[in-house]
Amino acid sequence: MKLIAISHPEFILNEAERINALFRDGLLRLHLRKPGGDIADLNRLLGKIDPEFYPKIALHHHHELAAQYGLTRLHFPEKLRNDTPETMFQKLKNAGFQLSTSIHDIEQLSELSSAFDYTFLGPVFDSITKKGYQRIVNDDFCLKEDQKTIKVIAIGGINHSNIHKIKQMNFDGAAVLGAIWNSEASDFQFLKIHKLQFISNQTAGLSHLESIKLALTAGCRWIQLRVKNQPENEVLEIAIAAKELCDSYAARLIINDFPHVVKAVNAYGLHLGLNDMQISEAREIVGYNMIIGGTANTFEDVLLRINEGADYIGLGPFRFTTTKQNLSPILGLDGYRVLMQKLSEQKLSIPIIAIGGILPDDVAEILATGIHGVAMSSALIQSKETKETVQKLEEILC
Ligand SMILES: Cc1ncc(COP(=O)(O)OP(=O)(O)O)c(N)n1
Ligand SMILES: Cc1nc(C(=O)O)sc1CCOP(=O)(O)O
Ligand SMILES: [Mg+2]
């Protein structure tokens, strides 16, 4: 499923830097939408965005700027679409532009020009940004395949806690606005935390580095180096090589347990368990912008992790696994459901990663509880077709 970010409707502080950071964190598409925005301001903003990201930007207004910046994606909001002749859409498409539009009623789908690649349809939830802009579908809505004349992207009120419902509704993607720009850091953060995390392991046939190489070649881009029972200097040596490997695949490296190693190799993040160093203490070592994940097994642990300022939570174990010793009590699907329900009742949100004995066939059900993503070790290492398994997982998770 495609994830699209929509810009804040106003020009905001440090906007270009925030946009560049979103792209660096893996954002694949940004719609630049400034209704009523001045062309000079838009021009200034575009000038500050790193040109390598221009192919990923769709322009909503002042399409005349596209030529200046070599932008090839144009969005036609409803009014502009109605004011533009069909021949123009075909002309733009033939000239190599990728076109998109917005509708607010499913019936309009059948009337859209075939020149459009995709359309936004919404609001699918009560909008965060446009107050009083009420949703046009219910939670049990499901878009029929034969209604989809082109790809349909859900928009309106989508955030970290409801995004999983978009896939159930059979949309092709989700466009997120308010959850990125209007809310607390945790909602913004969920874009940064990958939904598929590989946990390295040393087995009879594979070293840590070999297991990481296997995951990277299969397509994983979030790797946790989890070396147990070895001294810090040996972990550092493996981490240096792991960082080089991850960099060569543009993958994120998280290091388990060792904040000083994280700092020494300039890794992307650190993971800490309930019996490891406290997150606040680790921040003093790794810095305040570093991603830090924390383990939880109970709702109380989750609250503690949120209060400690964790960027994500590894919640487990889902089921019994031999990968980790001294496992906490097994949660199972019901444990995840109950915990996610409590979080939603308390209007709390943080990316939660399920972990422990997870198999590919578990993932759809786990996601349906509102869990953000999954961490896996043995299921990927032991897979006979790791690449196919990762591809299948990405389809379910993204
Ligand atoms: C994503 C993720 N979640 C949980 C853990 C477990 O961490 P911890 O409780 O510290 O146990 P060890 O991995 O250190 O044995 C994790 N590593 N990653
Ligand atoms: C590292 C880890 N932590 C867990 C927890 O419950 O906190 S379970 C686990 C092991 C994950 O590997 P596998 O996918 O092979 O079970
Ligand atoms: Mg630990």
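All residue numbers here begin at 1 and follow the chain in the order shown.
Just so you know, glycine gets a Cβ as well, placed from its N, Cα and C.
Per TrEMBL, the feature 4-amino-2-methyl-5-(diphosphooxymethyl)pyrimidine binding site maps to GLN224, LEU225, ARG226, VAL227, LYS228, ASN256, THR295, LYS324. Close to ARG226 (4-amino-2-methyl-5-(diphosphooxymethyl)pyrimidine binding site) in the fold, though at least 6 residues off in sequence, lie ILE199, SER200, ASN201, ASN256, ASP257, HIS271, SER377, each with a CB less than 8 Å from its CB.
Note on ASP276 (Mg(2+) binding site): other Cβ atoms within 10 Å of its Cβ, all shown chains, come to 17. Taken from TrEMBL, the feature Mg(2+) binding site covers ASP257, ASP276.
Annotation source TrEMBL lists domain 'Thiamine phosphate synthase/TenI' at 57-180 (among others). When the domain 'Thiamine phosphate synthase/TenI' (57-180) is classified with DSSP, helix, strand and coil residues number 37 helix, 28 strand, 59 coil.
Marked as domain 'Thiamine phosphate synthase/TenI' by TrEMBL: 198-380 (among others).
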Could you check the binding-site residues LEU225, VAL227 and say which one's CB has the fewest neighbouring CB atoms inside 10 Å?
VAL227
Pop the Cα-Cα gap between ASP276 (Mg(2+) binding site) and LYS324 (4-amino-2-methyl-5-(diphosphooxymethyl)pyrimidine binding site) into the table, whole Å please.
15
Among ASP257, THR295, LYS324, the binding-site residues whose C-beta sits under 6 Å from ligand 2:
THR295, LYS324
Cβ contacts of LYS228 (4-amino-2-methyl-5-(diphosphooxymethyl)pyrimidine binding site) (under 8 Å, same chain, 6 or more positions away):
none
Rounded to a whole number of Å, the separation of the Cα atoms of THR295 (4-amino-2-methyl-5-(diphosphooxymethyl)pyrimidine binding site) and ASP276 (Mg(2+) binding site) comes to 10
Consider each pair of residues in GLN224, LEU225, ARG226, VAL227, LYS228, ASN256, THR295, LYS324, all listed by the record as binding 4-amino-2-methyl-5-(diphosphooxymethyl)pyrimidine, and report the largest Cα separation in Å as a whole number.
16
